[in-house]
Every structure is written in C-alpha cells, then in structure tokens.
Amino acid sequence: MEKKVRFKLRKVKKRWVTVSVASAVVTLTSLSGSLVKADSTDDRQQAVTESQASLVTTSEAAKETLTATDTSTATSATSQPTATVTDNVSTTNQSTNTTANTANFDVKPTTTSEQSKTDNSDKIIATSKAVNRLTATGKFVPANNNTAHSRTVTDKIVPIKPKIGKLKQPSSLSQDDIAALGNVKNIRKVNGKYYYYKEDGTLQKNYALNINGKTFFFDETGALSNNTLPSKKGNITNNDNTNSFAQYNQVYSTDAANFEHVDHYLTAESWYRPKYILKDGKTWTQSTEKDFRPLLMTWWPDQETQRQYVNYMNAQLGIHQTYNTATSPLQLNLAAQTIQTKIEEKITAEKNTNWLRQTISAFVKTQSAWNSDSEKPFDDHLQKGALLYSNNSKLTSQANSNYRILNRTPTNQTGKKDPRYTADRTIGGYEFLLANDVDNSNPVVQAEQLNWLHFLMNFGNIYANDPDANFDSIRVDAVDNVDADLLQIAGDYLKAAKGIHKNDKAANDHLSILEAWSYNDTPYLHDDGDNMINMDNRLRLSLLYSLAKPLNQRSGMNPLITNSLVNRTDDNAETAAVPSYSFIRAHDSEVQDLIRNIIRAEINPNVVGYSFTMEEIKKAFEIYNKDLLATEKKYTHYNTALSYALLLTNKSSVPRVYYGDMFTDDGQYMAHKTINYEAIETLLKARIKYVSGGQAMRNQQVGNSEIITSVRYGKGALKATDTGDRTTRTSGVAVIEGNNPSLRLKASDRVVVNMGAAHKNQAYRPLLLTTDNGIKAYHSDQEAAGLVRYTNDRGELIFTAADIKGYANPQVSGYLGVWVPVGAAADQDVRVAASTAPSTDGKSVHQNAALDSRVMFEGFSNFQAFATKKEEYTNVVIAKNVDKFAEWGVTDFEMAPQYVSSTDGSFLDSVIQNGYAFTDRYDLGISKPNKYGTADDLVKAIKALHSKGIKVMADWVPDQMYALPEKEVVTATRVDKYGTPVAGSQIKNTLYVVDGKSSGKDQQAKYGGAFLEELQAKYPELFARKQISTGVPMDPSVKIKQWSAKYFNGTNILGRGAGYVLKDQATNTYFSLVSDNTFLPKSLVNPNHGTSSSVTGLVFDGKGYVYYSTSGNQAKNAFISLGNNWYYFDNNGYMVTGAQSINGANYYFLSNGIQLRNAIYDNGNKVLSYYGNDGRRYENGYYLFGQQWRYFQNGIMAVGLTRIHGAVQYFDASGFQAKGQFITTADGKLRYFDRDSGNQISNRFVRNSKGEWFLFDHNGVAVTGTVTFNGQRLYFKPNGVQAKGEFIRDADGHLRYYDPNSGNEVRNRFVRNSKGEWFLFDHNGIAVTGTRVVNGQRLYFKSNGVQAKGELITERKGRIKYYDPNSGNEVRNRYVRTSSGNWYYFGNDGYALIGWHVVEGRRVYFDENGVYRYASHDQRNHWDYDYRRDFGRGSSSAVRFRHSRNGFFDNFFRF
C-alpha cells in the first residue's frame, strides 16, 4: 500500500536539503512550472519546469532534522524510500530568496522494487586507484598514491509530473503609458501587444519612440518590448550544494597541454582536461591525458548563455525541460549537472566524443556573440564583410606587420591619386576583395609572388621536366584589388626572362593580359611600357547597352563606333595608340551576376551576394538555358551574334571569345553548343580569310530607326581610297547591324556601304544573314550563289527596304548582315606574322596588324559540370580538340585557374570549385585532381595546344587565399572594402580566430621561395628596383614555406562572432594560457571557488544595479553582454540608462538598462538617430545599410530633401537615400535622383524602366505641359511622362500629336493612329478639322480630327459628300454604294444628288437623303439595276439594267 509522507524541509547553510532515510545522500530537486521555449526572454508570462536531481555528498546534511507526518495506514517493513520532491509553489524571478527557513513539500517514497532500478546510486565503491577528494567538511585532499577511491553518484533522474503554476504577470505599462500609446497615430494593439506602423502599413522594428518623455521600444518583431527593470534580488549561487560538480570539473593543470586552444587563447569551442570525469555518469574518476571535455559543459560567460546551453542540450539529450529568464542560477546549475551526467553516459555508450564535438559546435553557432550576428553590418563586401589585422597588437604580436599598405591601385600607387589619370575619378579600386587578403605591399610577399610567377611560367620544366609544357603568358586577376607594384614585378620579369621588350614576336608569343576594370588602368599600363595589355571596358559596355540589354534599356548604336579606346569612324592607323583586348562576356562577368539575379528573383530571395548552393545554381540554369532560347528574354543577353560580328571584325584590339557563348555554361565541357555556336564559329573562320585592313564605321538614320555599318577594306588597304592588290580585292568584310526589332526602312531609304576603291564592281555574298527563325550562315560562295550583290563603280554596296528590316527571334533582336567578297581561295589567310625587328619606342606590345591577327579563347566557364569520368575532365577534352581551336584561328588559349579548390563554401568560387578559391597556389592538380583534371592532364593539354602553335595562358591570382587549414588568433577590426573601420561594428581591435595558416606540409612548403636564389642570380635587376608603393625592393631573404596572418592584410568575416575568443567581460581581459600571464575562469583553477556562496550577474545593491562576472569580478567602465542584450556600468560600477556619452561616443540605454543597438531613436518629433551594432550613435556622413545609404549630421538622420555639399538629395521616411528613383516629394513635385550619386537631376532627360521619358527643370522638378527644349516643342503629361506617339488635347481643346521617336510636336504632317485613322496637323501643330485641300486633294476631317475615309459627311446645310475610302479624296461624278447597301451619286461639286437627275444619259431619282430610289417609269417594272464600277480614283461609272421580275411594290424599284 502506498505510503504518503508529509515532510518539512529545513534550511542548512543557505540551501534547502532533504535526506534519504536509507543513506546520507541528499536528493534535491528543483522547482516546477510551465513549459517554455528555449530562447524565451519574457519573464512575466512563463514559469520554469525542471526535474533534475543533484546529489550532494556532505555529512552535514544528515545533521538536519526531518519532520514527517505519516498519512498511510500500512507500508512494507523493508521499504527504503528515496525522497522525491515536487514543489507546489510557482517559481518567480525571486526564486533565489533565502529568507524563509522552512518549506513544505509532498514526498512520495519509492518502494524497494523501484529502488532496484537505481544502479547502486547510493553506494561508495572502493577502487585500486587514489584520487583527489573532498572531505565531509569540504576540505580538498590530494590523492594518496597508495590508495584510491572513486565516488559513484546516481544516474537516475526521478520523473516528476510538474505542477503547473501561473506566474503573476507584472505590469510594465501604467495607465499613463497606455494612454500615451493610444494617443499616437499608427500605434495599435493586436492580440494583446502594441505595434507601431509606418504610413505604408509595414511595422516599425527596432524602433525607440519617445512619448511624453518616456521611451518605448518596439523590438525586432515590431512588438512593444518589456522595459521592466531586472529583479532587485542578486543571483546568489549556493555553490556548495548546487554546483557540487565544480571541484571535479577544475582543470587538471594550467599547462597549455591541458587545453585545446588557438595561440594560447580559449575559444567558445575550446576543450580542456578536467581533474575528474564522471565516468558513465556515475563515478568520479581521475582523468587521463585523453579525457578532454568542452569548456561550455562546465563554464559559461554569463547566466543567459548558460540558460541557452541548458535548453539546447536538454533538447539534444531528450530531457524535456526548458528554462526561461526567471530561472535562478541554482536551478541552472542543477540542470547543467544533469546534462553533464547524461553526456558522460553517452560518451561511454558511444565510446567517443565526436558526437559531442558536433553538438557543442552547433550550439556555439546559435549564440550571437559567437556567430555572424555580432559581425554586422553586412553587405559591404563580397563575403558580407572584411577584417583588417592590427600592425602593433601586444596580444597577437605574431601577426603584426610593418606593411599592410592598402589600396595602392595603379591610380593610387604612391598613396595619392595620380594626376595623370582622370578618366576614373575614384582611386581606381579597393583592397579587400575575397578571403585571406594577401599583403602585396610586404617585400617578402612580393618576392614570393615573383617566385610563384616563375613557377607558373616554368611549370612544365619544374613539374614534368618538359619545357614544352610551360605556360607562355599570364592573366593577372583582380588588378584593382592588389598592390600595383605587382604589375612592375610581373612586367620586369617578362622582360628579363622572355625578352618581350625586344621585338613584336617575343611580345606576342608571351602576350599577357590584365583583369583591370578602372578606366585609369590602361593609360597607366601604357605609361609603364605596355608590358601587358588591358581590356577595352568602354567597348564592352557599348556592346552591352547597345545590343545585349532588353529593348527598353538599349542605348543608341553610335557608342559602338566612338565609345572605345579607338574611334572607329575612320581607323586607318598602322599601329593603334594603345594595345588592348576586347570581349562581351567572361567567366565572372555577365554570367554569375545573371545567375544571381535568377536565384534572387525565382529561387531564394534572401540570398546574399554570391553565396549560392549547388542546388540553387542547378535550378537557376534550368531557367537560364530556357531563357537563352526565348525571343523575349528576361535574364540572358540579346544579340550575342551581333556583338561577336563586331568583336571579330574590329581593328585595333585583340578579340577574346568566351567559352560560354559557344557552349552552354553548365553541362560537361564542350558537350552542348549554344544557339550562337554556328554564327560565332563562322565568324572565327572568316576572320582568318577576310578580316584585314583599315576600318570605317558609320551610323545611318533610316526609316523609323538607325543602323550601323562597319567595313574592313582588306589586306593592304588602310583607307577607302587604297586600291591594294589581288589579296586586297578578295579580302575585307562589311557588317550591317540594327538594334530595333521594329526597324522598317522607307521605300526611298538607301543603305550605302563603301567597301573601298579596291572593290569597285565586285561581287559580294552574305556570310551571315538574319531570317525569321534566326541567323543563316553561308560557308561558301556556292551556298550563297543566289544572293550575290555587286558594288557599283564607286565600290559601294547598296541595300534597300527589301534587304534590311528588323527581326525578333531568339538570336536577333534587330538586324544582322555580314558580307564578304566572292572569289577568295579556300585557304586564303590574311593574318600577319609578328616582326622580329627590334622595338625602339620603349614599348613592349604594339597594336598593329600582327597583334590584330591574334584571337584569344577564354576556355572555361565558372559553372561547367564536375567530370564524372576521366574523359570528361576539361584538360583531357582540350587536348582532344586542339585541331578545332586551330581551325578557329585561336592563337592564345586562356586556361582556367588550375589550382586545387577550397570547398569551404564561403563564396561562389569555392562552391563551384572554379580554381580561384585555393589554399595552395602551387598545387596545380599535383596532390589530387582539381575540377579540370590532374597535373599530368594539364601537361598533356599544354603540349597539345603548343603542337598547333597555340600559346597557353596561366591565371595568376595574387589577391587572395581561401580557408587555410590552420587557425590563428589575430587582433582585428571590422572594415569596409577600402580598409576603413565600419561604423556600428562590435569588432574593434578584437581578438578573432582566422583560418590564416597553411599546413607547412603542402606544395607551398615544397616550392615556396624555392626559386628566389636562382632568380637573384639570373636577374639581379629585379631585386634592385625599389617598388613604388613601399620605396624598398623585394625581400628574397625569407622563403614563405607556411602562410600565416603576418603576410595578410586581413580576411573576410568568418561567422565566428565578436566574442568567440573568450574573455572576462567585467575586466575585458581575454583568457590566456601564456605561461607568465595565465588568466582563466576562476571556476577552473580555484579549489575554493564553488565551495561558498558567490554573486554573479546583475545585482541591486540598494543604490543601483551592479554586475559581477562568472569569475567574480565587478564590471566598471565596461560594456557587458547578457545573451543578446548589452549594458554599461560606469566608473562606480552602476548600470546606466538614457543618453550617455562614453569615451567620446554617444549611446542610448533604455530604462531597464538595455542598450539600443541596430535601432532608430525617434525623439517624438520625427527627429531620428541611429545606434549601430556596437551601440554607437551614427554622427556625421554617409553610412551603408545593406545596399542602401543613410546620411547623418550631428547625430541626426537625414529625412526628405536634404542639401549636402551643394547637391540636393532625398532620403525617405526611414532615412534611406533615393538612388535611381523617381520621388514625389512633400511639395507634390516629382523629382529624380541619380542612380550613382543620388543627386537631384536638373536640366536633363531621364528614362524610367518602362521606357518613358521625363524632363527635369533647373529646380529638379519634372516639367508638365508644353515645353520648348533645344528648339523642339515637347509635351509632358500631368504625371511628368513625355508624350511620344500620343495624341494630346491641350488646354485650349486643340488636338496635337508628338513624334514617337523624338517627342517633337508634329506639324504639317499626316499621322495614323493605332486604329488606322488618319489625322493632319497644320503648321501650328493643331489637328485640322473640316474641309482642306492638300496636294490638290479635297479632304475632310471630322470634329475629332479623324480624316473621313469611306464616309458620308453631312455638311452644315444638310448636304452630303463622300470621301474615298483609300485616298480620302472627295468623290465627284461617281456612284457610291455604302455599307448599308444604299446607292448615291455625287455630282461635279461633290454633293450627293437629290430628286430627278439625268445621270449618264438616264433619268434617275434620289430621295431627300440622296439615296437612289428608281429610274424612269418604263424601266422600273421591267429592268433590274446592275451597277458595276471601278473604284479607282477619278474613274467613270457604268450603269446597265437587265430584265427581271421582282417582288417590289408597284411604282417602286429598289436597288
């Protein structure tokens, strides 16, 4: 029979205890309550649920008397009940109150059979090994070597059904508060919570609003936050009972070997060796050197982190209890002990700790201090953000540097903008691009870069002892993101080792290129000797906006002629001023950004930057490839073939063909051709045969649009007047292009293409022509025999509307025609070989006919598929297709970066493993295959290309290195891409763990610095030159065998958080294992810490709130984080509230002490301030928020129209700057703000995304009504949109029409509307009405301006006229039959006849409406009228009658 006992529990040394009648072991259970969420912070609405058991081995517990009232009638004599305690009192945030001395509990004893399941939980087991121990009085006794014992504790958690208690909810809102909230517009109460809505109906989030002097805060959900002050009762931890594990959990010794650390610093993922482990969850056993446990199992930086840990681990271990912020430290310690017991049980069962490592790491990532939340703001960098390393940190001196000279771009190489270069008004680039940013200003690093360059250029020799497998040249990646000294180093090396400055042949054989986007880079390179060539970015943009963009975004076509490094109106120079290469797309340009756009729009709108998954990429390409085949494209490029028709026929630049324009970007290498493959291949082959000579381009306005023509005169002819020789006559090419699919030429239009004097009276045939279905290629004279055209005696090809019109199909949105001479030999080759004559002008590369003859092939795509078998590797496929590349005329093959890729997934490059995200720069498939094959495959591919005379280009990527395998602690500051500290960041001279060390066992260890001695001996001049950015030469004295932080400027943020390296918050001191300066959490090292009561956390001392860290230190002049909340404690150690100035910065703290972070403060009058991620108020200047900007002046956020440095800008109600936006401002005026600067536009036209045009006056206001601008009379509707192709009725009621192209008011011209109706506008631009004589024709225009055609018009006197349905001319002397079947006859004055008349010799009758009724009496009964007429203008009528009987009334003959 069950026995129910009533116990009274007494207090012993500030702890509640009850004693088992069977032993001296005390079982203490904690308080019960309701189930809450693990991340709950609402103290008012939630209680705590627990059933953890803590066992305290102290004899003093047995001294306490226990009073029980027996309420049962019988019990077993052998029962040894274990007390199980259930609290009947609901827990509140004062659960640690220790003033009461007794408490009543219901205790349900267990039976003997139940106790048999407890695995000897109350036994002391003797062992053969001595261990350190605690005496009954709490004294710590070292182990005796001759004896040993282990202490066994219970592993049984007695299940308790919690008694649910409802907490009394403290009211944080007074009646005055409620009234104040109710008086504010847009604050509404929804489901018991208050929310503040913006005018557009969206919620204000992270928004502090001052109402009548009191601040109300609306949190990240938009709900009004609870500003209740913390409990005034301190967190008193009864460590001698509730933290009884502490003595065993102390560290074995403070030697660093007993910790997992990074550079002697502890991190959130550090493990350590405790003195004891609770083996199998039962027995405290002295640890071995293999027994490491996570630090977070026994120590936490604050109580909130401990609570989060307990809740997280409970969920992982199947313990169904959670704890809210009202939970006491006593309860959390008990829960943590239960978790530790469970962990040890599982370690024994699993026989490893791998699972625990994964679990702890996963928990760490949930804490804002240890994840990317504390690294905000984001989006100012390709990988969310960058970190700059300190040069003079005392804490991480191993990472210090004397260099880290940032942003030394070609424009800014000396640290000041070079006045010679003004095309780009910026400094021409920025330092931080990706990953570990290499410090290319460091002379030791510069020497290593040279060493690596030499390795690449001699790869075959070094790796395979085969010089035929050496690379010939390089592509320099990301020039605008590295120190420009590297350009001198590379150029000097190419001159010294390859002799590129000696003659054109040497230069062309080692033709190296730059990826340098700034407009200043090309002139800089030219001034440096043209040792390498750069892209013609202006031409790329011209191709993009004239041809590739959607129709409503296209510019005119003239930029294709003039917006380039070369004006091609008449390009007849032997040698261009500046050499260059040109392209329309590349592996990372106009490909990955299109994929990003698709992912954001249709797959994952929350994607940041270029951090895609492979699954997202796969889905995006399904859309991309489908779009490529569409006539109306949403994402992909239009008119790719048109771009290549110009690229491959232009003079004075080396064209580069992109792999992804011939083969699909995804899929196996060269497996799937694109729709543009045939057109590009045809152009490549034709280039060998025809493309040579001078060039002339023209823009012609024809019909309703424009076209451009481009002519190459042929080999030997630089000008149109040159007659050349036989080869001249059979070479040359004409390209005709339009970018308007609605292009229509007028009948009188002629497109005249001057092929030059060498081509008079010559047959030409099409190479490419546009058809309804796409582009038709003609590969021979025979194929195009029926389409031959001849030049006239001036050498002109002439085309008409019959030849040229606009098309819309998947390949062409506009028009393309390419024409070549008939009669060229099949093997004609007009290319020019490079000269070996010495170069004497101080330049290495010259853009002459020989360089023009070259073609580069960028032979890879970022997104090509991973090989599934050996034969699919890129380099294997390349080797098999070298004949094809030679047929195309490829002279320079740009290989993919051949480096084994990182797989960290931190950026697109490491996801797709394209070779740019490497950890070992010397591993070209040596250690294992990369995406493109093995090092041996690379050797074979290079040799195969060389066998066809094709030069091979390596990708030199000196900017970054990814995810190095070894970790290092650095002192870092969160910066933007220029290295400027980011406002609002928590990371300022903060210790941070980076992936900054290479292994020391890789190819870097083998080859790093290995060639420097050889290079010094061969080319000593390279090491004598003082570099521009540093003023000192390279330093070859150090060979970098292992990369480390001292060689980097910094890295991208890694998501480890601002607090990952652990410290004591109160003293702001990092926990360190440095032998002479060891500083560790006290609970790990102090044998007395944990055996007496201690105070931690927020404590009210009667005067104010103070804070004690878990190490027992009081916070003074310190910021303290408790979970996600931050507080500040002043010089006296008291928590502050309200506005505060601390160390020169402004902060704001709510009434409960919580600091405003990432929040707006509204003073109640819509004057806004912003407090950043570090709590500092933003003071002056522009600040980036994601992709948007805000502006602040003296701490006030700009809202509305704001004048800044003389320019007017606009900031919306949330403070975000308008860029590229049309804004109706508070005065009701429409304005536009520039897409780049954000400045208000004035005296300028602007086109919106719909293709509509606006004109903004000198005040920046959109004009409306009629305006004369540059001699044109224009009209702008009330919404500011310019009328184009529209009929507008002016204020006087006059109808006017505005030209669809120019928008100019139409005068003295006919216009037809969409219904086919015609209007005539007079010399004043007004639609005419009534009768008009125009060009000898008498016409009529109705009152709405519509011309009468095929209509009866009744004039004022009721007389009727009729106007021809085709010409609109007034009909005279003709019969007319209307649609109703009635016949009329119009006399020589144009009026319809009425009454009896003799018409064409017959007497006929017309009624009062002019309708023909009958002829003379003798005809009307016997003849049926048969009318035949010619509808031709001015024709005569013919009438005949035939005999017929009909059913008409007598005397009435109806027709």
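Along the chain as shown, residues are numbered 1 onward.
Yeah, the Cβs are placed from backbone N, Cα and C, and that goes for glycine too.
What Swiss-Prot lists as compositional bias 'Low complexity' is 65-104.
Residues annotated as region 'Catalytic' in Swiss-Prot: 250-1050. Per-residue pLDDT, averaged over the region 'Catalytic' (250-1050), rounds to 96.
Annotation source Swiss-Prot lists repeat 'Cell wall-binding 1' at 184-203. Outside the repeat 'Cell wall-binding 1' (184-203), and at least 6 residues removed from its termini, the chain residues within Cβ reach (under 8 Å) are 209, 211, 216, 218, 222-224, 1213-1214.
Residues or ranges marked as repeat 'Cell wall-binding 2' by Swiss-Prot: 205-224. Sequence-remote contacts of a segment are chain residues at least 6 beyond its ends whose Cβ falls under 8 Å from one of its Cβ atoms, and for the repeat 'Cell wall-binding 2' (205-224) they are 177, 180-181, 183-184, 193-196, 1148, 1150-1151, 1154, 1156, 1158-1164.
Here Swiss-Prot flags 1116-1135 as repeat 'Cell wall-binding 3'.
Taken from Swiss-Prot, the feature repeat 'Cell wall-binding 4' covers 1136-1155. For the repeat 'Cell wall-binding 4' (1136-1155), the residues of the chain that approach it from at least six positions outside its boundaries are 208, 214-215, 217, 225-230, 1105, 1119, 1125-1130, 1161, 1169, 1171, 1175-1177, 1179, 1195, judged by C-beta separation under 8 angstroms.
Sequence annotations record features per position, and here Swiss-Prot assigns repeat 'Cell wall-binding 5' to 1219-1239. Mapped onto DSSP helix, strand and coil, the repeat 'Cell wall-binding 5' (1219-1239) counts 0 helix, 8 strand, 13 coil.
What Swiss-Prot lists as repeat 'Cell wall-binding 6' is 1242-1262. The residues of the repeat 'Cell wall-binding 6' (1242-1262), classed with DSSP into helix (H, G, I), strand (E, B) and coil, number 0 helix, 9 strand, 12 coil.
What Swiss-Prot lists as repeat 'Cell wall-binding 7' is 1263-1282.
Listed as Cβ neighbours of the repeat 'Cell wall-binding 8' (1307-1327) (distance under 8 Å, sequence separation of 6 or more from its ends, same chain) are residues 1273, 1287, 1294-1297, 1334, 1339, 1341, 1345-1347, 1349, 1368. If you look up Swiss-Prot, you'll see 1307-1327 marked as repeat 'Cell wall-binding 8'.
Per Swiss-Prot, the feature repeat 'Cell wall-binding 9' maps to 1328-1347. Tertiary neighbourhood of the repeat 'Cell wall-binding 9' (1328-1347): same-chain residues 1287, 1295, 1317-1322, 1353, 1361, 1363, 1367-1370, 1390, selected by CB-CB distance under 8 Å and a gap of 6+ residues from either end.
Across the repeat 'Cell wall-binding 10' (1372-1392), DSSP assigns 0 helix, 10 strand, 11 coil. Annotation source Swiss-Prot lists repeat 'Cell wall-binding 10' at 1372-1392.
Taken residue by residue, the repeat 'Cell wall-binding 11' (1393-1412) breaks down under DSSP into 0 helix, 11 strand, 9 coil. Per Swiss-Prot, the feature repeat 'Cell wall-binding 11' maps to 1393-1412.
Feature annotation from Swiss-Prot assigns signal peptide to 1-34.
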Tally of residues which DSSP labels helix, strand or coil - the repeat 'Cell wall-binding 8' (1307-1327): 0 helix, 9 strand, 12 coil
The repeat 'Cell wall-binding 1' (184-203) - residue tally per DSSP class, helix then strand then coil: 0 helix, 10 strand, 10 coil
Helix, strand and coil totals (DSSP H, G, I; E, B; other) for the repeat 'Cell wall-binding 9' (1328-1347): 0 helix, 11 strand, 9 coil
Helix-strand-coil residue split for the repeat 'Cell wall-binding 3' (1116-1135), DSSP-based: 0 helix, 11 strand, 9 coil
